[in-house]
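If you look up Swiss-Prot, you'll see 15-22, 63-67, 125-128 marked as GTP binding site. Annotation comment: Swiss-Prot describes Cys204, Cys206 as S-geranylgeranyl cysteine, evidence class similarity to another entry. Residues annotated as cysteine methyl ester in Swiss-Prot: Cys206.
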Amino acid sequence: MSLRRRTLLKVIVLGDSGVGKTSLMNQYVHKKFSQQYKATIGADFVTKELQIDDRLVTLQIWDTAGQERFQSLGVAFYRGADCCVLVYDVNVMKSFDTLENWHEEFLKQANPPDPRAFPFILLGNKIDIDGGNSRVVSEKKAKDWCAAKGNIPYFETSAKEDYNVDAAFLCIAKAALANEHEQDIYFQGIPEAAVPENEQRSGCAC
């Protein structure tokens with residue numbers, strides 16, 4: 001029997017309350033979207049398995065509260081992260097303006113060995129609202145911010161319409177895999193069928 005490698009990757013999703021962090025995660029993992037908004041209290045996580053090349057990857061995606069009073073919980077949740085996903089609402093300028101704070105807070109609390117090399121990914125969510133007519137943060141403005149942070153990847157997404165969600169999280173998985181802390185578990189003889197068909201590599205390059 002051959003040995004297959006399964007890797008656990010910890011991904012932290014940050015951003016203001018109401019930008020759609022939970023909705024993006026639910027769309028990616030469960031293929032579900034709800035119009036009802038319920039604020040995340042503290043932090044919670046979901047998992048998703050996928051295959052990248054010869055690696056069986058388990059993404060542990062942490063959904064953290066956007067409210068300021070819960071930010072002190074960050075230390076325990078940020079530590080050991082392999083990738084940080086920053087999310088803002090393209091229709092709310094304040095959610096974009098606070099990205100700098102989220103970025104700095106993560107680096108401060110997570111304290112990665114090389115902050116400049118740690119993988120971040122930016123998602124501009126809710127591009128479906130009002131057919132895009134109500135957006136206030138331009139794509140150029142977002143890309144300029146990413147360029148200033150070392151050319152971090154940027155995706156425009158819609159959790160409601162399931163637009164770019166899979167592509168974004170595949171890029172997230174690849175970035176996290178490149179930064180992994182070698183938390184590998186070996187399983188003997190895991191068949192290909194163990195990875196659900198809809199979670200196979202899509203072929204999208206990050």
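Backbone N, Cα and C define each Cβ position, glycine as well.
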Suppose we draw a 10 Å sphere around the Cβ of Gly15 (GTP binding site). How many other Cβ atoms does it contain, all chains included?
24
In terms of DSSP three-state secondary structure, what is the assignment for Gly15 (GTP binding site)?
coil
If you count Cβ atoms within 10 Å of the Cβ of Gly18 (GTP binding site), leaving out that atom itself, what do you get?
16
